[in-house]
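> In case it's useful when we look at the structure, here is the feature table from Swiss-Prot:
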- Gln11, Pro12, Ser13, Gly19, Asn20, Gly147, Asp148, Asp149, Val196, Lys205, Met206, Ser207, Lys208, Ser209: ATP binding site (BINDING)
- 12-20: motif ''HIGH' region' (MOTIF)
- Asp135: L-tryptophan binding site (BINDING)
- 205-209: motif ''KMSKS' region' (MOTIF)
Amino acid sequence: MTKSIVFSGVQPSGELTIGNYLGALRNWVTLQDDYDCLFCIVDLHAITVRQDPIALRKSTLDVLALYLACGIDPNKSTIFIQSQVPEHSQLAWVLNCYTYFGEMGRMTQFKDKSARYEENVNVGLFTYPVLMAADILLYQANQVPVGDDQKQHLEITRDIANRFNTLYGKKDAEGKLIESVFTVPECFIAKACARVMSLLEPTKKMSKSDDNRNNVIGLLEDPKAVAKKIKRAMTDSDEPPVIKYDQKNKAGVSNLLDILAAITGKSMVELEAEFEGKMYGHLKTEVADQVMAMLTGLQERYQRFRQDEALLEKIYRDGAEKARMRAKKTLDEVYKLIGFVG
């Protein structure tokens with residue numbers, strides 16, 4: 001039986017956070033046995049914001065080592081660096097020509113980022129979703145694990161795929177589509193996917209690009225420094241303190257409970273019972289202890305991989321070769337259909 005194809009990726013810009021791990025990377029590991037997985041380090045996307053070249057190269061290898069430390073296995077999944085598969089850029093240009101200006105203008109992430117990086121509102125930032133569409137459609141991905149901030153981009157990917165299929169897909173005598181050019185991807189919903197919020201502003205998602213580093217727990221941060229951040233995390237002023245899950249009225253407490261549940265596997269009912277009558281300090285101490293233990297093990301594995309650059313190079317070169325074999329098949333078909341000389 002053919003496995004369903006899953007594609008996902010992370011930008012090598014900024015240090016990955018426990019939100020990236022608990023919300024994405026850890027779930028990717030569980031997919032490897034049942035799905036045909038491609039996990040990319042999307043460095044082409046990273047340069048929509050100015051990057052220091054030396055830092056970008058280092059960060060790209062850091063992310064690769066973190067993938068491996070988290071349990072992503074190159075013998076089970078295709079792991080590669082986006083810029084080493086030129087078909088991504090080639091297909092993106094073609095798809096740009098089948099995407100409308102107004103569609104890109106409605107993308108909320110472009111509006112947010114252009115406001116934040118107003119000194120560098122470049123065309124790459126504007127057409128970012130088209131490159132993301134190329135990333136996905138190139139491999140005929142069936143499912144894509146995405147966060148809430150990327151769901152709109154997946155929808156435009158589906159629109160582009162359907163538009164191209166309508167124009168170039170094989171049709172029967174009545175004009176009904178019988179064979180598509182691109183697989184139209186679905187959003188992959190993980191059974192257990194933690195959404196980790198900012199420590200000091202728990203109504204917004206934890207982001208690796210947050211300028212206030214006290215909001216963020218980096219995967220490579222010193223565990224003791226992380227513990228101090230957690231102990232300063234926002235809760236509330238209820239008196240007496242009440243530790244219960246209520247995202248609307250107790251966002252800070254709920255965020256700490258979410259982190260604890262994701263690491264320990266305990267249910268909210270179990271955690272609420274465990275902390276009944278206790279102070280917020282007790283909750284913060286337990287969260288800090290669990291996060292420190294998780295990070296210590298992860299960082300030990302990371303260091304082993306990161307120090308072996310020969311291994312990292314072999315993995316990303318082998319991964320790029322495997323990815324290119326698949327990507328070329330799709331791109332060749334697209335070029336043929338639109339009339340390019342082969």
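Backbone N, Cα and C atoms are what each Cβ position is placed from, and that goes for glycine too.
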> Within 10 Å of the Cβ of Gln11 (ATP binding site), how many other Cβ atoms can be counted across all chains shown?
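Result for Gln11 (ATP binding site): 24 other Cβ atoms within 10 Å.
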> Please give the average pLDDT for the motif ''HIGH' region' (12-20) in this predicted model.
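Averaged over the motif ''HIGH' region' (12-20), the predicted model reaches a pLDDT of 92.
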> Look up Met206 (ATP binding site) in the DSSP assignment and report helix, strand or coil.
coil
> To the nearest Å, how far is the Cα of Asp135 (L-tryptophan binding site) from the Cα of Gln11 (ATP binding site)?
13
> For Ser13 (ATP binding site), just count the other CB atoms lying within 10 A of its CB, please.
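Counting Cβ neighbours of Ser13 (ATP binding site) within 10 Å gives 21.
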> For Val196 (ATP binding site), write down the residues of its own chain that are at least 6 apart in sequence and whose Cβ falls under 8 Å from its Cβ; none is a fine answer.
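In sequence order, the residues whose Cβ lies under 8 Å from that of Val196 (ATP binding site) (at least 6 apart) are Thr17, Ile18, Gly19, Leu22, Gly23, Lys205, Met206, Ile217, Asn255, Asp258, Ile259, Ala262.
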> Under 8 Å between C-beta atoms and at least six apart in sequence, can you list the same-chain neighbours of Asp148 (ATP binding site), or say none if there are none?
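Counting only residues 6 or more apart in sequence, the Cβ neighbours of Asp148 (ATP binding site) under 8 Å are Arg195, Lys205.
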> Tally every other Cβ atom lying within 10 Å of the Cβ atom of Lys208 (ATP binding site).
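A 10 Å sphere around the Cβ of Lys208 (ATP binding site) contains 16 other Cβ atoms.
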> Check each residue in the chain of Asn20 (ATP binding site) that is at least six apart in sequence and keep those whose C-beta is under 8 Å from its C-beta; list them in sequence order.
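Counting only residues 6 or more apart in sequence, the Cβ neighbours of Asn20 (ATP binding site) under 8 Å are Val10, Lys208, Leu219.
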